[in-house]
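J.: For reference, the structure I am asking about is given below.
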Amino acid sequence: MVHNKNNTILKMIKGEETTHTPVWFMRQAGRSQPEYRKLKEKYSLFDITHQPELCAYVTHLPVDNYHTDAAILYKDIMTPLKPIGVDVEIKSGIGPVIHNPIKTIQDVEKLSQIDPERDVPYVLDTIKLLTEEKLNVPLIGFTGAPFTLASYMIEGGPSKNYNFTKAMMFRDEATWFALMNHLVDVSVKYVTAQVEAGAELIQIFDSWVGALNVEDYRRYIKPHMIRLISEVKEKHDVPVILFGVGASHLINEWNDLPIDVLGLDWRTSINQAQQLGVTKTLQGNLDPSILLAPWNVIEERLKPILDQGMENGKHIFNLGHGVFPEVHPETLRKVSEFVHTYTQR
């Protein structure tokens, strides 16, 4: 076990005194790291995620290289879907492709439930390896939110408009709610197993829920999010982070959920979130594109985010979306160092 562990992010969420604003980056594991690219010359994404030693190495790299205050498990949000009967393939340059999309309630009924120890032991073994032997910062486990998972399962892959997903919601509520309930059950079991293996925080990625308006979110999504988070927290008192893209119109709905941290994309400032009445710890929210700019521009954009975060009092620095593959690793290291130095107290 690790002594003198850096629990800054957990202290921030609890409202305890910290020495600096904690920082981590979505998609910090992999992508922009040269060590990861070298691995990808030999191993596929599937190979890496199914070999705990390799996966733990990739997960741990950004903590060593960038000195982040948390690690996030290197996995894909599709991980729990294949064991329940979803024929999913990750295609380079496209993303998840589903070969048996959900169209009817019979398709939902064919889905099985997940047994994490039986179906995804490599996920749990990776977490145990990290938490028992190596990691000196909290590990973030994660899952895709029911809407985002369902959108892939219904559309058959990435979508711009989510027409099939919305069509099912509006014209076949029985199938929609059956799918939501099934995915909540899967997510609760998957997340609970991650926590029991050693994950100390959970992030729920609702990447595409911004496609819905407030009324539809309340009717078709919110009750299921409440059940998912509540059932996880009934089992374990674990902090939960919720993040989505282009969902500023849903901020007040999210603030009602039993989450601990609300992740902002780059379109909504910390001050704006406060003015909207958000009471949760805030996470974010540098535009990831800024990391491709010269350092003086990056620093200029970092300061107001950090100033607003310090004024708010409960802030975790992150990007407003994931790290782009083109971002230089040294830039991420400098950002992490700047956040720690600028917010030191």
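From the backbone N, Cα and C atoms, a Cβ is placed for every residue, glycine too.
Annotation source Swiss-Prot lists substrate binding site at Arg27, Gln28, Ala29, Gly30, Arg31, Phe46, Asp76, Tyr152, Ser207, His321. Residues annotated as site 'Transition state stabilizer' in Swiss-Prot: Asp76.
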J.: Near Asp76 (substrate binding site), how many other Cβ atoms are within 10 Å of its Cβ?
T.: 17
J.: What number of additional C-beta atoms lies within 10 angstroms of the C-beta atom of Arg27 (substrate binding site)?
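T.: Cβ-Cβ neighbours of Arg27 (substrate binding site) within 10 Å number 18.
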J.: Test of understanding: give the count of other CB atoms lying within 10 angstroms of the CB of Arg31 (substrate binding site).
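T.: Its Cβ shell of radius 10 Å holds 17 other Cβ atoms.
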J.: Other than its own, how many Cβ atoms are within 10 Å of the Cβ belonging to Ser207 (substrate binding site)?
T.: 23
